[in-house]
Amino acid sequence: MTWSPPALPTRAGPKQLTEYIAGRATGRARTDARPPREVVPGNPLRALASPVLWRASIHLALDGLVALAGLAVLVVLVIAVCLAPAGLVGLPVTVAAGWALFRLAAVERARFAVTCGLELDELPAPVWSWRLAKSLQSLVHNFCTWRLIGYFVLLMPVAVVTVVGVALIWAVPLTLVLLPAYYRGLPGGQAQLGPFVVDSLPRALLVAAVALLVGAVLSPLIVKLLLALDTALAVALLSRPRGMELEQRVNDLTESRARVVDAAEAERKRIERDLHDGAQQRLVAMSITLGRASSRLKKSGDHETNKMVEDVRRETLSTIAELRNLARGLHPPVLTDRGLAASLSAVAALAPVPVRLDVLVEPRPSSTIEAVAYFTVTEALTNVAKHAHATRAWVEIRREGARLDVKVGDDGHGGADLAAGTGLTGLADRVSGVDGRFRLSSPVGGPTVIEVELPCG
Amino acid sequence: MRVVLAEDSALLRQGIELLLSEQGIEVVAAVGDGEQLLRAVAEHRPDACVTDVRMPPTFLDEGLRAALAVRARWPETGVLVLSHYVEERYAIDLVNTNDNGVGYLLKDRVSDAEEFVDALRRVAAGETVLDPEVVKQLLAGSRQRDPLSTLTPREREVLTAMAEGRSNAGIAADLVIGTAAVEKYIRSIFVKFDLQQEAGDHRRVLAVLRYLGA
C-alpha cells in the first residue's frame with residue numbers, strides 16, 4: 001500500500017506553513033461535518049411522498065449499468081494481466097484498466113452521493129505517471145486496488161438482486177393496479193393469479209386494491225433493504241478504511257512536525273542572518289568610527305575625551321562579542337558552510353574542559369539534523385562545564401547509514417537527571433522533534449554519557 | 001600602500017575606507033562581492049586586499065574563496081580576511097594554501113586603527129597575521145591532538161619510568177604491578193603514539209623522545 005502525500009515545499013516559510021495547516025484543518029472539518037445519510041421514511045405514505053425513495057429506486061435500477069461497466073473493466077484487466085508476459089502490450093493496458101477502475105470507483109462514489117446522500121471517503125489513488133512500471137508498481141502495492149476489484153466482483157450478483165428486485169416491486173403492483181382497466185381485454189375474460197381466478201370486475205378491483213396496499217407498504221421496505229445491501233458493500237469496499245484514516249493522520253502529523261522543526265531551524269538561521277547583517281554590522285561600523293575619533297583625539301592631545309571615547313569603544317566591542325556569541329548560538333554559519341566537524345572544533349576549543357573530538361560524518365545529513373546534532377553537543381558540553389565538575393570530556397559522532405550517532409561523555413561526578421530541569425530536557429525535546437532517540441546514563445559518581453540517535457535518511 | 005577592499009555592507013565599507021585613508025593608505029577600489037574583488041585586484045594590482053568572509057551571492061565563504069584565489073594568482077598581493085566569527089577552519093584554509101601574506105581577523109579588531117593598519121602592512125609585507133582568538137582555538141585543537149594528553153595517569157607513569165631508563169621489571173617493581181601489566185601499558189602507549197612495529201626502529205626510544213619533546 002502506498003499512500004503518497006501531496007507534494008509539499010520541503011522548507012516552508014512560517015507563513016506558508018500556517019496557511020497549509022489551516023487549509024488542512026478546514027478540509028478535515030468539512031469531512032467530519034458530513035450531512036446525515038438520507039433515509040427512506042418508515043411511514044409508507046411519507047415514504048411514497050419522499051424523493052428519497054424514488055432516488056434510491058433509481059440508484060438500485062442503475063446498479064446493473066455500473067456492474068456491467070465494472071465487469072468490462074475487470075475483463076480488460078484480466079486479459080491485460082494475462083498478456084503481461086508480452087510486456088509491451090500488457091503493461092500499458094493493465095495500467096489503463098487500473099486507472100479506469102479508480103475512475104469508475106469515483107463515479108460510483110459520486111452516484112452514491114447524488115442518489116443516497118452517502119459521502120464516501122475518497123480512496124488513495126495510485127501515483128499515475130508516464131513511467132508505466134512506476135504506475136504499475138504503485139497500482140499493485142495499493143491495497144485499495146484489490147478492494148475495488150472485490151467491490152466490482154461482488155457488485156455483479158448484488159446488482160442482479162437489486163435490479164431484479166426493484167423491477168419486481170414496482171412492476172408487479174403497478175400491473176395489478178391496472179388490472180381493472182384491462183379487465184375487458186383479458187383473454188377469456190379471466191386471469192389466473194396464483195390460486196385466484198379473476199373473472200369479474202369486483203374481483204379485479206379487489207386485486208387492484210390489495211396490490212396497491214401491499215405495494216405501497218412493502219415496496220419502500222424492500223427498497224430500503226436492497227439499498228442497505230448496496231450501501232453496506234460500498235461502505236465496506238469503496239470507502240477508505242478506518243485504519244487508513246489513522247495511518248494517514250500519523251503521516252500528516254509526522255510530516256507537519258518535520259515541517260515545523262525545519263521552519264524553526266530556518267527561523268534560527270534567519271535571525272542569525274538578520275543579526276549579522278543588521279546589528280552586528282552597525283555596531284562594528286560604530287566601533288570603527290569610535291576608533292577613528294579616538295585616534296584623532298590622541299593626536300590632538302585631548303586625553304580626557306579620548307579616555308571617554310575609548311571606554312565607549314571598549315563597551316561597544318564587548319557588546320559585539322556578546323552579540324556574536326548569541327548569533328553563533330542560534331546557528332553558526334560555519335555549520336552550514338563546513339559541517340559538523342568544523343563547527344564543533346571551535347566549540348571544543350572554547351570549552352572550559354579539554355574535549356576530545358572525533359567526528360566522522362560522510363555524507364553530510366540535512367541541515368536540520370546537523371543543527372540538532374550541533375546543539376546536542378553544545379548543550380551537553382555546556383552542562384559538563386556547569387554541573388559535571390569534569391576534568392575532560394569527549395564527543396563522538398558517526399554516521400551509520402541512515403542514522404547519525406552522537407555521543408558525549410565526561411568524567412565528572414554524574415547524577416545528571418532529565419527531570420531536574422537542566423538544559424537536558426530541552427535537548428531531549430529537540431531530539432524527539434526530529435524522531436531521534438535520546439539516552440542519558442549518569443550514575444552518581446559518574447561518568448555521564450549522552451547518546452543520541454538521529455535519523456538522516 | 002594601495003589596497004582593494006571587499007565588503008558587502010555599505011556602512012562598513014565606508015567606515016573601513018575612511019579609516020584607511022585617514023591612516024594614509026590608498027583604497028584604490030571598494031567592492032561588494034568576491035567576483036568584483038578578483039576583477040579589482042586584476043586591474044589595480046594592489047599591495048594588499050581586505051575582504052569579508054560572507055558575501056553575496058552565496059553568503060557562505062565567498063570572500064574566503066576569493067581571497068584564496070587572489071593568493072594563488074597574485075602571490076605578491078597580501079590578503080587580510082575579516083569576519084564576524086573567527087573559525088579556525090577558515091584560518092587553516094588560508095594558511096594551508098599559502099603560508100604567508102595572509103591574515104585573518106575578527107571584524108571588530110578594525111576599530112583599533114593602529115592595530116588594524118599594522119596587521120595590513122604586515123600582510124602586505126608577506127607576514128602571517130592571525131587573530132588571537134584563532135590562535136587560541138588552534139592551540140586548543142593541538143592540545144586535543146597531542147597524544148600525551150590521551151594517556152591515562154598510569155600510562156603516563158609508565159612512560160615517565162621508561163624515560164628514566166627503567167626496564168620493564170624495574171617499572172613493575174616501582175609501580176607494584178606485574179610485568180604483564182607493564183607490557184600492556186607500553187603496548188597501549190605505542191598505539192596512542194601511533195608507533196608501528198617496524199624493523200630498524202626502537203619504539204621504546206621513540207616513545208621516550210616523543211615524551212621529552214612534548
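Just so it is clear, glycine is given a Cβ too, placed from its N, Cα and C backbone atoms.
Copied over from TrEMBL, here are the features:
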type	residues	note
DOMAIN	B:2-122	domain 'Response regulatory'
MOD_RES	B:D52	4-aspartylphosphate
DOMAIN	B:144-214	domain 'HTH luxR-type'
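Mean model confidence for the domain 'HTH luxR-type' (B:144-214) is a pLDDT of 79. Of all Cβ atoms in the protein chains displayed, 28 besides its own lie within 10 Å of the Cβ of B:D52 (4-aspartylphosphate).
Residue counts for the domain 'Response regulatory' (B:2-122) under DSSP (helix as H, G, I; strand as E, B; rest coil) come to 61 helix, 27 strand, 33 coil.
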